[in-house]
Amino acid sequence: MDESSGQPDVHTYKSLAEDGPFCSVEPPKRPTGSLVMHSMAMFGREFCYAVEAAYVTPVLLSVGLPKSLYSVVWLLSPVLGFLLQPVVGSASDHCRARWGRRRPYILALGVMMLLGMALYLNGDTIISALIADPRRKPIWAISITMTGVVLFDFAADFIDGPIKAYLFDVCTHQDKERGLHYHALFTGLGGALGYLLGAIDWAHLELGRLLGTEFQVMFFFSSLVLTLCFIIHLCSIPEAPLRDTAKDTPPRQAPQDPASSSDRMYEYGSIEKVKNGYVNPELALQGGKTKNPPAEQTQRTMTIKSLLRALMSMPAHYRCLCISHLIGWTAFLSNMLFFTDFMGQIVYHGDPYSAHNSTEFLIYQRGVEVGCWGLCINSVFSSLYSYFQKALVPYVGLKGLYFMGYLLFGLGTGFIGLFPNVYSTLVMCTSFGVMSSTLYTVPFNLIAMYHREEQEEQRQQAQGGGLDSSRRGQGLDCAALTCMVQLAQILVGGGLGFLVNVVGSVVVVVITASAAALIGCCFVALFVRYID
């Protein structure tokens, strides 16, 4: 706060990508190879997600985690992500690192993912090597493993926002659409490969005997894939850094209407005014006569309170998109998090609570294995569908894709719940892939279109001498969408267990997923705003 004027501190940043004043520079068209390299981060992330889905439950059970702490493991990560996601998204909008705004955050979160995997896949081995007291070993093993799971989930959920914002910053609108389709394609391929490797019995293979256990084998593959994918991703497309121009320019006169300035300070997204290449157009200064170059960014000193107020004041069409994303992820996670358990108990009629050498438990394990193959089918079909999405858009538009994704998933899960047959269930897993591809592409395409429309409006206002008052950074908008994933995890983790206990059967899981998806159909058709 400046004591002499009573106004909040204001810093101005300028993108090194632009030189001329009053001109908005369109990023160059990106070759397919660069977009594929950019998508490798999604491949690596989803590969590690699949490994976690296949191994985290056996790992937690092997270290003796009490059932009372099981829900804590799955709730801690989304709660932390929901609270911190917008903060990091906003901070990345005005990061001044020399190699860009998004890549430093992506690198840090990638390292956190690697550390989380190291802890939850090797926690028991680490503790056995460090602690000799058998009475202390279980407590430390549980603590280390839980920390690893929470850290990995937190970073893996978190990283989606900066990756999407990175794509939006450096690409034209057409390349953004292409990039999102490649993201969905490689997300499915990464998940499929992760599930396939998780289905192999490494204990009876030479590599398993060499590394010790199948947990160490999967850590070897996961760390190798994740490291290579993120190196390729970070080298895919250069980012233009922001530089601080406050030291190079004389102080400006304070606005004549401080109250108006104070009100704008808490508008949605007003905590950062990013002008980095294609991200934002011309900026008209308050006062009317002087304009900043379009590559400038005005950043006010922010607090958590101001950030929350900014998010609460988001425009209606952004809010509706976030709600539809929340409904979609609630439906999707309701099914995916409990699908293998549904296969073991309902489809195969096994019993997870019986003795481990009993026929009922072995049948349950067989159902879980087949459920993993169903998730593999989901990943493969997600990749295929993401490829065909580009061909479908000219005919049905984004509205048709959004509606169709929710509808097919709702009908597919409903059919599985009503007719729990092995073969029909595996066939219906293709509808999971449609929903997955839809959630990873359409909402972010809409965000890109909203920003493109706002850029055109702001450019027209700047040419006409008007005042630009509705600027947002794409990092914050992507983070707001990603927050809905964490909120959906909180709702599913806290609510579905209660429903299962009340009903007495896990069939309520797929019925809930179906109902939520069909409600989402109505919402995306009636309330989400689409741009032709």
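Including glycine, each Cβ sits where the backbone N, Cα and C put it.
The structure displayed is predicted, hence computed values, not measured ones.
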PHE215 and VAL396: same side of the membrane according to Swiss-Prot? no
For the transmembrane segment (217-237), the candidate among 106-126, 320-340, 368-388, 427-447, 480-500 having the most Cβ pairs under 8 Å is 106-126
Which numbers of helix, strand and coil residues does DSSP report for the topological domain 'Extracellular' (421-426)? 5 helix, 0 strand, 1 coil
If you draw a 10 Å sphere on the Cβ of ASN357 (N-linked glycosylation site), how many other Cβ atoms land inside? 7
Compute the average pLDDT of the predicted model within the topological domain 'Cytoplasmic' (1-45). 65
Considering pairs 6 or more residues apart, do the transmembrane segment (185-205) and the transmembrane segment (427-447) have at least three CB pairs under 8 Å? yes
